[in-house]
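Report on the following structure.
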Amino acid sequence: MPITDETQRFTALSARLTGFDAGDLAATGLVEAYRAVAAERLGADRYAQLLREPPDARDVREAARAVTYLWYTGSWPGPSPTLVSPRGYAEGLVWKAAGLTAPATAPGGYGSWAEGTER
Amino acid sequence: MTRYDVIVVGAGIAGSLVAQRLGRHGRRVLVLEAGAKAGRAPAGDPLTDYLTAAARLPGSPYRSRPAAASPEVTDLAGTDGTPGFRAAGHLLQDGPLPYASGYVRANGGTGNVWTGLTPRMLPEDFDTESFGYGRAWPLTYDDLEPHYRSAEAELGVAADADEQRAHLGLRFPDGYVFPMRPLPAARLDRLLAARLDGRRVEDPVGLREVELRVVGTPHARNGVPDPRYDGGRGYVPRGRDGRPDPGSRCVGNASCIPHCPSYAKYTPLKTQGRWSSSVTLRDRSVVSRVLVDGRGRATGVEYRSYDGEVSVAHADVVVLAAHAVENARLLLLSGLADRSGQVGRNLMDHPVLLTWGLLPEGEHAGAYRGPGSVSGFEGFRSGPARKLRAPFRVEFGTWGWIWAKGPVDTDVAHFLTEQGLFGEELRRAVGDRVRRQFTFQFEMEQGADPANRVTLHPTERDALGLPRPLVTYDLDEHVKEGMAAARAVSDQLFALLGAEDHTDYTPSAAWPGRFEHRGRTYGYRGAGHAAGTHIMGGSRATSVVDAWQRCWDHPGLYAVGCGSMPSVATSNPTLTMAALALRSAERIEADLTARDHPLSLRPTVPGAPA
Ligand SMILES: Cc1cc2nc3c(=O)[nH]c(=O)nc-3n(C[C@H](O)[C@H](O)[C@H](O)COP(=O)(O)OP(=O)(O)OC[C@H]3O[C@@H](n4cnc5c(N)ncnc54)[C@H](O)[C@@H]3O)c2cc1C
Ligand code: SF4
């Protein structure tokens with residue numbers, strides 16, 4: 001898939017919002033999918049505004065939070081958040097931030113839950 | 001029409017075990033199951049399997065169907081005011097406090113989604129009347145002991161017999177080992193053991209000091225087989241559908257509730273996979289009535305398909321195994337077995353006091369890596385303190401704050417919305433929080449109280465036109481005093497650990513089970529351990545079933561499951577339930593043998609009442 005200007009701008013925005021760099025984000029394989037979700041959920045105007053304005057500006061704050069939440073959890077926020085794809089759950093940045101993997105995605109093997117302690 | 005020897009109602013853990021045992025004797029068994037058979041996962045991809053089971057995606061095998069509805073987590077919500085909760089959906093409630101547990105009506109039942117912890121009851125649990133509460137069992141620990149071993153074989157239990165003997169006072173035959181070696185302790189367990197083993201905490205309600213000792217919990221999930229098992233014959237772990245799978249191990253998916261993608265956790269589907277060909281499963285068949293003849297003997301059942309078509313099946317023995325709440329509902333719908341007036345009464349659960357917090361800065365609990373709880377403190381389960389407060393088992397929760405606050409998504413929302421963090425700051429805050437999280441789960445024994453009960457709702461009907469179950473439930477002083485003791489213990493544990501206590505039973509919407517006691521607020525969850533609704537006893541005047549789980553009033557009618565338990569004790573109840581079910585299967589087999597050979601002399605089952 002060609003890397004468009006818009007993809008680049010969405011990646012840069014996402015990096016600022018999440019604290020993960022463009023390489024980490026690209027490694028999830030979800031940039032394009034999330035860009036499309038954000039554009040669809042926010043609507044053209046709000047999406048364009050989000051790309052334009054600093055993320056902590058008052059009028060884009062909620063949109064910025066939604067995109068960040070999407071990256072961290074794989075779900076778009078709402079009264080009952082909707083999971084975008086199984087991959088979104090597995091690649092949720094919340095797990096990476098804690099140095100963990102999402103349950104049921106990459107089991108560490110028998111006894112892995114004991115790791116990191118002697119005895 | 002085919003005539004069956006036995007009809008089993010419900011293919012959960014209890015029903016699947018009874019059918020398996022009788023099938024092994026060649027009995028013709030019809031299993032009628034309200035739920036649908038789980039379809040095979042489309043791609044067999046473990047992640048998709050799990051997410052589908054967790055109902056994050058459509059098509060969940062455990063989604064409730066209108067014709068066989070069951071309580072959903074979202075059916076219960078806290079409110080401000082009195083009572084402080086609202087119940088909607090299948091299980092309606094009108095008590096002062098909520099019965100906060102659910103169950104699953106799909107093939108395999110609640111046993112699909114359970115955690116898989118399998119401790120035995122303590123010998124003293126079989127008679128708590130000397131402690132001034134509860135009801136005595138018509139059998140003892142020693143009567144049940146051989147059946148515990150059978151249940152441990154069927155479910156495939158990993159545990160350490162020496163540790164259970166030393167720290168819990170459990171009696172095992174000499175040389176007994178469990179089928180599999182104990183699971184390795186979790187990182188959190190080791191950390192707690194290093195800091196707390198041998199320390200003493202005060203129980204201000206039980207008026208004594210308790211020495212802390214981290215003890216491994218028995219698990220019905222595959223570990224390393226013990227070659228000494230069964231007189232040196234060893235044990236072969238069972239994998240998907242109960243197939244022998246020597247290499248199957250719990251690999252730490254941390255998704256046992258609701259689904260183990262590696263099939264290391266026991267579910268009834270493993271038992272069903274070993275049913276003989278004389279056992280027939282008919283799913284989407286909702287039993288609505290038990291049929292009896294003029295003398296009260298069970299002759300069969302009436303059941304309905306999802307589109308309401310009514311059928312009848314006949315057998316010599318009918319075994320209700322539809323879960324504590326639904327068993328009671330079925331007896332009430334049939335107007336049977338209630339000479340004692342106890343059907344539906346004595347509903348018990350383990351109300352669970354949760355406390356949660358963060359390990360000291362820089363430390364990490366190793367959350368979300370193995371089973372939801374691997375070890376606990378067992379020192380608060382026994383002894384004379386039971387006179388003063390409910391006893392409790394303490395489980396260490398290794399899945400962060402999931403039970404108290406919801407999945408980690410909640411932490412993300414907290415830092416994003418309440419603290420306004422973005423970027424590097426957000427990443428650091430979320431990572432730190434998830435790494436340091438842990439929970440204590442204090443599971444209280446609740447004594448049998450006839451006022452806590454299941455009845456039929458006077459007006460509300462389900463999709464098949466059957467009255468919905470209505471629950472009236474409360475916690476008594478004994479349980480509340482147990483929670484007060486638990487909270488005081490928790491306070492000391494946090495202080496000894498230097499951990500940050502984040503326990504806070506707000507917002508009220510998230511805590512339907514909430515009450516004030518001596519000026520402090522407590523919040524509880526339900527463990528899913530429904531018991532007591534067709535209580536077992538030594539007399540037909542005061543109990544619904546006898547020591548074999550036979551309904552006193554109706555020859556040929558059994559009600560099996562936790563509903564028979566006169567006390568729920570402090571152990572997760574399913575192993576005890578399984579032991580009782582296997583014991584009943586022996587009795588049923590003996591009944592059927594007597595039917596087939598009425599005149600022959602045969603050995604009586606040991607301990608059988610004449
Ligand atoms: C989240 C959770 C975790 C748990 N963890 C543990 C644990 O770690 N340790 C432990 O000991 N216990 C645990 N439990 C409790 C355990 O799941 C139950 O004790 C056990 O599953 C009860 O088995 P059962 O066979 O009696 O009922 P179920 O497993 O509920 O099975 C009953 C079956 O009957 C069927 N049925 C219902 N009504 C009808 C009808 N009218 N006609 C036909 N069929 C019907 C249902 O569809 C179901 O298949 C947990 C429970 C929950 C909810
Ligand atoms: S931790 Fe994972 S592998 Fe182990 S039983 Fe639970 S889900 Fe299965």
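Glycine too: its Cβ is placed from the backbone N, Cα and C atoms.
Automated prediction, rather than curation, is the source of TrEMBL annotations.
The feature domain 'Glucose-methanol-choline oxidoreductase N-terminal' is assigned by TrEMBL to B:278-352. According to TrEMBL, the feature domain 'Glucose-methanol-choline oxidoreductase C-terminal' maps to B:451-581. The annotation region 'Disordered' is assigned in TrEMBL to B:218-247.
Look at the domain 'Glucose-methanol-choline oxidoreductase N-terminal' (B:278-352): DSSP puts its residues at 11 helix, 32 strand, 32 coil. Confidence over the domain 'Glucose-methanol-choline oxidoreductase N-terminal' (B:278-352), given as mean pLDDT on the 0 to 100 scale, stands at 97. Counting residues per DSSP class in helix, strand and coil order gives 35 helix, 36 strand, 60 coil for the domain 'Glucose-methanol-choline oxidoreductase C-terminal' (B:451-581).
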